[in-house]
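Taken straight from Swiss-Prot:
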| type | residues | note |
| --- | --- | --- |
| ACT_SITE | Cys142 | active site, acyl-thioester intermediate |
| ACT_SITE | His235 | active site, proton acceptor |
| ACT_SITE | Glu237 | active site |
| BINDING | Lys163, Ser192, Arg249 | substrate binding site |
| SITE | Glu111 | site 'Important for acyl-CoA specificity' |
| SITE | Ser192 | site 'Important for substrate specificity' |
Amino acid sequence: MPIIIDKDLPARKVLQKENIFVMTKERAETQDIRALKIAILNLMPTKQDTEAQLLRLIGNTPLQLDVHLLHMESHLSRNVTQEHLTSFYKTFRDIENEKFDGLIITGAPVETLAFEEVDYWEELKHIMEYSKTNVTSTLHICWGAQAGLYYHYGVPKYPLKEKMFGVFEHEVCEQHVKLLQGFDELFFAPHSRHTEVRENDIREVKELTLLANSEEAGVHLVIGPEGRQVFALGHSEYSCETLKQEYERDRDKGLNIDVPKNYFKHNNPDEKPLVRWRSHGNLLFSNWLNYYVYQETPYIL
């Protein structure tokens, strides 16, 4: 939240250089405040788990949020009841004439398919195109980030020989970017994917800025012009047990799945997971909401 200080206070310039949100008394006395409209396009099969993960993070700020859950009309969800979707979700057709302060596009377990082979790709393209003029900032996660990078900037994805699965160390590539305010130079984030985007492809697109990278996991955070589009290739929203649940699910199916790296204590799946990404996960979402949604969105959408 902003700090209200005198516009002539010498510390004001120092704080502004550090991306601390300061506000003059004059602006504070005249500003209009309303709840931020946030849409979550939930592409995950485990919809209720994903709801809790994302709402936990975006709810951990002083901002008042009006959240709208969206699902794909062109896809039949098999892991959630129709009653749940009817009660709590809308489709794009329901909201296409509205504007939103923020949009979150989640990951989806379809990464081994070409984008054009995904049954809801055409609908997703309409939503991503809509976001360019009707949403102040869009946060794309995992496959949602790959889809956004491909649709908006033509960045391809590549198959991995082995699943990128575990918790990995990342390094901040750009200092003094608002999305990374408060980040340590090295931080952890979970990854769970069979495909990747590559650093060279990101750097070849002049509109994109690579913010965080990992020697082992590759590209993690990318941002577009003015923060209108943010891409997170990892899963900073994951709860403590998520990787464990994914590991046990695939193991019980008889799939050849490795133990998630750097996750269980002593790398032993019989021991408890060690959470090393929670603080930076909270920072990522709060910075996105604060700097790229709250501070940038108009009062009248």
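Note: Cβ is positioned from N, Cα and C throughout, glycine not excepted.
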Quick check on the recorded positions Lys163, His235, Arg249: which one has the highest count of other Cβ atoms within 10 Å of its Cβ?
His235
Restricting the comparison to the recorded positions Glu111, Cys142, His235, Glu237, which residue's C-alpha is spatially nearest the C-alpha of Lys163 (substrate binding site)?
Glu111
List the same-chain residues at least 6 positions away in sequence whose Cβ sits under 8 Å from the Cβ of Ser192 (substrate binding site), in sequence order, or say none.
Cys142, Lys163, Met164, Phe165, His235, Tyr238, Thr242, Leu243, Glu246, Pro260
Using a 10 Å radius around its CB, how many other CB atoms surround the residue listed as 'active site, acyl-thioester intermediate'?
28
So which of the recorded positions is most packed in, judged by how many other Cβ atoms lie within 10 Å of its Cβ, out of Glu111, Glu237?
Glu237
Express in Å, rounded to the nearest integer, the largest CA to CA distance found among the substrate-binding residues Lys163, Ser192, Arg249 named in the record.
15
In the same chain, outside Lys163, Ser192, Arg249, whose C-beta lies within 8 angstroms of the Cβ mean position for the substrate site?
Phe165, Leu243, Glu246, Tyr247, Asp250, Ile257, Pro260
Could you say whether, by DSSP, Arg249 (substrate binding site) belongs to a helix, a strand or a coil region?
helix
